[in-house]
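Take a look at the structure below.
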Amino acid sequence: MGQGLSCAGSNEQGLFRAVQVGHLKTVEDLLERDPALLHHATAYDHHSVLHIAAANAQVEILSMLLERSMNPDLLNRQKQTPLMLAAMHGKMSCVKSLLEAGANILMFDSLHGRTCLHYAAYYGHADCLQAILSAAQSSTVAVSWGFARFVNIRDGRGATPLHLAARQRRPDCVHILLNNGALVCASTGGYGSLGSTPLHLAARGGSLDCIRALLAWGADRLQRDASGRIPYLVALKRKHGVCAALLNPSSAEPLVWPSPLKFIGELNQEAKDLLEQALMAANREREKTVLKGTAYSLPSPSPSHSDVGVEDNISEVSDAELCSICFEQMCTIEVQDCGHQMCAHCTLALCCHNKPNPTTACLTPPVCPFCRGIISKLVVADIKDCDDSDFNSGDTSSCKLRRSRRSQNLSEGSSSFKGLAASFGKMGGRSSGRIGAENEWVDKT
Ligand SMILES: [Zn+2]
Ligand SMILES: [Zn+2]
């Protein structure tokens, strides 16, 4: 019994090992014998048992420790919280349980002055990132700090989570952050090069998907960092050829997610997803043109994009479901309140603008191309229900209504929307080239 010190020392080591490998029973036994062990930390890093559990995804032990009202915001030597470690290692269950226990998301480490949101973005754990953002929306942080401010929180060198995600080639995190109001043109202090935007850092990292997402959200290809470089030059210097081709200011400007649509408050999530898919598909078409003359060919499209799904849909299209603007795609988007339908590509073309041409940027909310009514909401067109009601209830009134609307669309589309169809067909969006050419020809005769 005279060896209390070394005995406590070995108990301590035993506890840390048991937490690391997840032996709940051993941990409980050790704490039963010596409750004070709970407050021990590792010798060098000063990790608490909570840090060890969080970093190793030992959620059972973590929950047990939190239930013993252990402070969830303990700090290690570098002032990292258990939540930061869980976010760094992508241990989603631990992130969740720490958030539920009220862990503070607004803590900064002493290493780079980063928060748990920086950690999730830097290491590319999209699920953890999303969980922290959801917590931020409902916590006091949103009230005291403001949610938008939290999304754009800067580390010790001026980097926002979006900067880090772009630099580390994390397209999923880039996407989530942009969707939550991350500023696409924020410039850093000392991170990367002075005054770098997320686009500079994506160019440096060489992630095509990050560059695509940032451009679609309106990132400026001409913004310079403190040494006067545009992202194009950064990509060239790092020998990211394909990225450089897209960032070249003289190549075609990509379509940009329309800002009026971004703020149609009630834009339904499914509709938004459809529109976004259409936007990205259209931009990939543009990329092919951009890269045609260069030595680069595009890598095969990533499986996460649903080109295949779209193709499948097309093969099932009956005439009644065809978009009456382009006559190519199925009607997937319904305008409310008027109920007119069109495809996602056409909806987007209607609202999208080309970045370098501010005169075409629509500053007012877009209107329905069929009735010129204000678009109060865009929802996913409900086509399947129509067939069901034919067979099941015999109640075809809603179906007839929709059919008549479509035929109205068709007749209108065949006349006054010819120009729209011509220009939207290729998502070129600029001017109705075909009509112009016809007029020219008419003039000469
Ligand atoms: Zn269409
Ligand atoms: Zn309408």
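Placed from the backbone N, Cα and C atoms, the Cβ positions cover glycine too.
Positions annotated as repeat 'ANK' by TrEMBL: 45-77, 78-110, 157-189, 194-226. Annotated domain 'RING-type' per TrEMBL: 323-372, in sequence order. Residues annotated as region 'Disordered' in TrEMBL: 425-445.
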Other parts of the chain folded back onto the repeat 'ANK' (194-226), taken as Cβ under 8 Å at six or more residues beyond its ends: 160, 162-163, 165-171, 174-175, 178, 182, 184-188, 232, 234-235, 238, 240, 242-244, 246-249, 253-257, 259, 279-280, 283-284, 299, 302, 355
Distant-in-sequence neighbours of the repeat 'ANK' (157-189), which means Cβ under 8 A and at least six residues beyond its ends: 112-113, 117-118, 120-126, 129-130, 133, 147-148, 151, 195-199, 201-202, 204-207, 209-210, 212-214, 217-220, 223, 225
Helix, strand and coil residues within the repeat 'ANK' (194-226) as assigned by DSSP: 17 helix, 0 strand, 16 coil
